[in-house]
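Asks: One structure, as structure tokens, below. Some questions next.
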Amino acid sequence: MARKALIVKQQKPQKYKTREYNRCKICGRPRAYLRKFGMCRLCFRKYAHQGMIPGVKKASW
């Protein structure tokens, strides 16, 4: 889990646009962020397995 201080710090408007970065909306993780879903890969995998993300299913070929 991300530290609360870092999450709050990131939410404040930055002086320069390049300092902004994406965080997972669920756990606050800054790495492995999936833009299309707005969450990190770990939360994506968890919710996809539970069937909570519409249109996502496990690949099989």
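Including glycine, each Cβ sits where the backbone N, Cα and C put it.
OK, Swiss-Prot features for this one:
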type	residues	note
BINDING	CYS24, CYS27, CYS40, CYS43	Zn(2+) binding site
Asks: Starting from the Cβ of CYS24 (Zn(2+) binding site), draw a 10 Å sphere and report how many other Cβ atoms land inside it.
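Replies: Result for CYS24 (Zn(2+) binding site): 22 other Cβ atoms within 10 Å.
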Asks: Which are the residues of the chain, CYS24, CYS27, CYS40, CYS43 excluded, whose CB is within 8 A of where the CB atoms of the Zn(2+) site average out, their centroid?
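Replies: Apart from CYS24, CYS27, CYS40, CYS43, the close residues are ARG23, LYS25, ILE26, GLY28, ARG29, TYR33, MET39, ARG41, LEU42, PHE44.
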Asks: Across all chains shown, how many C-beta atoms besides its own are within 10 angstroms of the C-beta of CYS40 (Zn(2+) binding site)?
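Replies: That number is 23.
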Asks: Least buried of the binding-site residues CYS27, CYS43, going by other Cβ atoms within 10 Å?
Replies: CYS27
